[in-house]
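Annotated in TrEMBL:
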REGION    1-21  region 'Disordered'
COMPBIAS  1-11  compositional bias 'Polar residues'
REGION    92-114  region 'Disordered'
COMPBIAS  92-103  compositional bias 'Polar residues'
TRANSMEM  119-139  transmembrane segment
DOMAIN    183-371  domain 'Aminopeptidase N-like N-terminal'
DOMAIN    405-613  domain 'Peptidase M1 membrane alanine aminopeptidase'
BINDING   H476, H480, E499  Zn(2+) binding site
ACT_SITE  E477  active site, proton acceptor
SITE      Y561  site 'Transition state stabilizer'
DOMAIN    719-1027  domain 'ERAP1-like C-terminal'
Amino acid sequence: MDLFDSNSSERASLPRNMIENSMFEEEPDVVDLAKDSTAFPTFPALDPDEVTYEPRSSRLLVRGLGENDMDDDEEDCESSARLLGMSFMNRSSAHRSNSSPYTRQAPPRSCSRPSSRTIVVCVLFLVIVASVTMVFYFLPGCTFTKAGCHKPNKTNPIEPVYPISTNGELFPWAQLRLPQSIKPLSYDLTLNPDLDKMTFTGRTVISMSILHSTNRIVFHGANLNITKATFKLGDGQASDVTILEYKPRQQLAVNFSEELKAGQYCVLTMEYSANFSNAYDGFYKSFYIDKDRNKRYPLVLAATQFEPLSARKAFPCFDEPAFKATFLIKISRKKTYMTLSNMPKAKSTNLSNGLVQDEFEKTSVNMSTYLVAFIVADFTPNTKNVSETQVSVYSVPEKNGHTEYALTITSKLLEFYNNFFDINYPLKKLDLVAIPDFLAGAMENLGLITFRETTLLVGKESSLLEKQVVASVIAHELAHQWFGNLVTMTWWNDLWLNEGFATYMEYMSLQEVSPDLETGNLFLSVRFRALDKDALNSSHAVSTDVNTTEQVEEMFDSVSYEKGASILLMLNASFPGDQQFRKGIIEYLKQFSGLNTDTDDLWNSLTQEIVNERGKSKTDGCQSAACTDKSTHHMNVSQMMTSWTSQKGFPLVTVNLMGNQVTLAQEHFLLTSDNTTHTLWHIPVTYVNDSCSLAPECRQVFTLKNKSDTFKLSENVTWLKLNYKNTGFYIVDYGKDGWSALAQALFSNVGVLTHEDRASLIHNIFALSRYQSLLIAFSDETDTETSPVTEALLQLNNIYRQLEKRQESNLNFIMSTFRNLTAKQTWEEEENVSKQELRSALLEMACNLNDENCTQQATSLFKKYMESNGTLRIPGDLQQTVFTVAGRSDETWDALFNIYVHATYDSEKRKMLKGLASTQNPQRLVQILSFGLRGSLIQTQELPLVISTMCQSFAGCLFAWDFIQENWDRLIEKFPIGSFAIQAIIKSVTSQSSTQAQLNKVQAFFSGLKERGSQMRSVQEALETIKLNQRWMDRNLPTLQKWL
């Protein structure tokens, strides 16, 4: 939106301060002078929260011109068939009207050309005006206030310029983050939900401490109708106050005529009403059908999802992670419902209106607002006592039989974490609740963890792969009870401290607690995907600036999760011994228990542990690992790891082996090669060689800190393999001779390297665009282990999908490469997880490529399943393949849809949905998308999955792209801008595009969104990916065609 709209002539005549105030309604620009005393050394000390306005009229002029200057690139939305360069269903594109405001009009022929004298006079006039403006703006010592610039300000602080609140008054704050002058101590929340009217009322009492003298209190609130507010200072009388609201930042404020003094205590009480959220955040409604009780109409429940910025939608609060407090929560309900919250229930009271009020114990630990949770529903529990904690798994009544596995694995994990962290879980109860409508996979609310049904519930006959999904999510959320809940990041820029640690512990804990789930392959795969994303110029540092609400949402991505976990794995692998990392983590948790931290706090704790261990080494005769391992003897964790968290991307390590001399060099691996950087990393380079390559004892370490370095081996070797088991976050180029030596070694004995090392070679080859070497290496199919084969399948499938969208799908090279290995797979029950993963990947690939034998087997199995009325069990790892084949057939699609509608087992139901979305039938594609958008028959939370599945085919992606363009505004009503769901949708419809026409259309659509999503990082990632795909195809397609 142009800052100066059609009424610009009226705006221009307004006083300067009125124009500035109106500008703040969109994006106030402020400078905190309190943090930069050197800029104005003569000013007295300011309120720590005071800000001043930075003049920017020239910047506004440039932005105004840029946003109005539409050219021919602003096109109408044609059909996606035209987007991909072909006619589809004879749909014609709409032509731009001649009256379109975006069309350049020819200048009127009646205009005469100005004379030279006129031009000279105009130019001179503009130069004078510009000069005068610059003098006024850059005059030394000039203080800019609402009154203008009268004289140098030597004595008084600058009067800040604030935005306008909803009632027309000035709002006393102009930044995203709240002032630090007030600290909330406790909340007393009373909530009265009405599940019939879909509304709720509330009463919030916030007790606060004044840290810095101030005359305002600023906090958060969104979509709340505050009907009454009172304020009490110390032991004084409560008095009515006016609540100001600034909606663009979802902030509320109270102004005071007299200054509140540091050290005082105060209480703010508010009564309010609100509607339940229609999205998946805040206090929202959910529906389900209880078939066990013969209730065919929807039943209603209410649940919460507050992370990252939605507690403010349920109650007024200081909605930032650093504002920790205690909470006392009371909720009223009908007698047919039950309630849950973070703490155990303290008492229930019958109210005069026939309702019951449940009061919960006051939280025993301080916690951030995003961790508050409460539920009003009719759920049934499955309960067990574990280590003095009551563990309960809740579900809708008909699915209570699917809670046993979750209860069992939670009990094991809770005991493991209590021991590993040397800190017991702090509450007396731990609830895990399956919510029918829930967007995220799960949410780690303290004491009340909420889940999707598909990530918590599994049947007794479920496959180990299905149990692996549930166990992984539970392990992740339980780890958060320490990392995130007990110790919390100060601000969202360090989200990785929560999510990276929880992701790392998720895999590490399950390898100890349930090794039969074989999560190592899964962790390896997610590390590869994190590398893929971080190789883009549009990536970001693990710890990066977060200055808008959209940027907060976008932090929930693979960099915070998987890259965060990957660098922790690399750090742990570089520690001497197997306990130092754990000891450093325990020290970190104990030192900052109940507090907020940043990344440096973690590194300092781990560095201190090394110092402590080194001190012990001197007293025990230098027998410990810290003393004998020279590579880490002088290790400074902060110095090493800052290079991994403060800059985006990762290094490419090149290796040159000459006899026993090894030369290593590093550079930023960036797929967009025209944006080279000169960053360096401290890389713990691990390596093995032909004399010893499999056992952990074979691993050696060299720390590469400089651009290049050289070291010598104890003897001459034939080859080196760097990055042992891919524990480091970097890729390696061995040069022509190095690759040749490794290939020859693998041809001679494929088991000469671990399966993780073989998979990493495959990933590195593709990252370096050496696909031909890979195809040759796999032509004899000697490798049959899961991780190398599945990585190769994924990489080759990405190429195939790009070829398909260029109508080059006749290049069906994948099936010929893996035909023999695929033919060896059976269709019976398989107990081993790795074999299930391998079989699932191979058969799904074969059926997707219409291999006749595969489709016949899948079709036969589905018909037997139908004839048995669902009593015949399809092996869990084969269900997706079978349902996809059924969904692609017009003969069985309706039968599959009918089974899906009546299915109750959630994991199986989701696989059916993917099968339904695999159809090529246009009418059915439209039907599925319509159901998903409305939330009828198909839950809206599943739209990202539906779109991702549709985009695996050419026709499906056409419809998905059209659907997104036509329904963008409705999508961002359900899924916040920048959220993981929106990121997934954008990636699905763009990641396999590779032509200029596709790039132009994607760019035109997203640039036209303006504040509705045009600046998202995921959009920049999508555009960059298309350009890279285009470049790769242009360079390699002719060679690929010839070679095949």
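Don't overthink the numbers, they just go from 1 along the chain as shown.
Yeah, the Cβs are placed from backbone N, Cα and C, and that goes for glycine too.
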Other CB atoms, at most 10 A from the CB of H476 (Zn(2+) binding site): 26
Other same-chain residues whose Cβ falls within 8 Å of the Cβ centroid of H476, H480, E499, the recorded Zn(2+) site, in sequence order: E444, E477, A479, F483, G484, N498, F501, A502, T503, M505, E506, Y561
Rounded inter-Cα distance in Å - E499 (Zn(2+) binding site), E477 (active site, proton acceptor): 9
Neighbourhood of Y561 (site 'Transition state stabilizer') by C-beta distance under 8 A, where only residues 6 or more apart in the same chain count: W496, E499, G500, T503, A530
Cβ atoms near H480 (Zn(2+) binding site) (within 10 Å, other residues, all chains): 24
Neighbourhood of E477 (active site, proton acceptor) by C-beta distance under 8 A, where only residues 6 or more apart in the same chain count: L432, A442, M443, E444, I449, F451, A502
Number of other Cβ atoms within 10 Å of the Cβ of E499 (Zn(2+) binding site) across all protein chains: 26
Averaged pLDDT, computed only over the residues in the domain 'Aminopeptidase N-like N-terminal' (183-371): 95
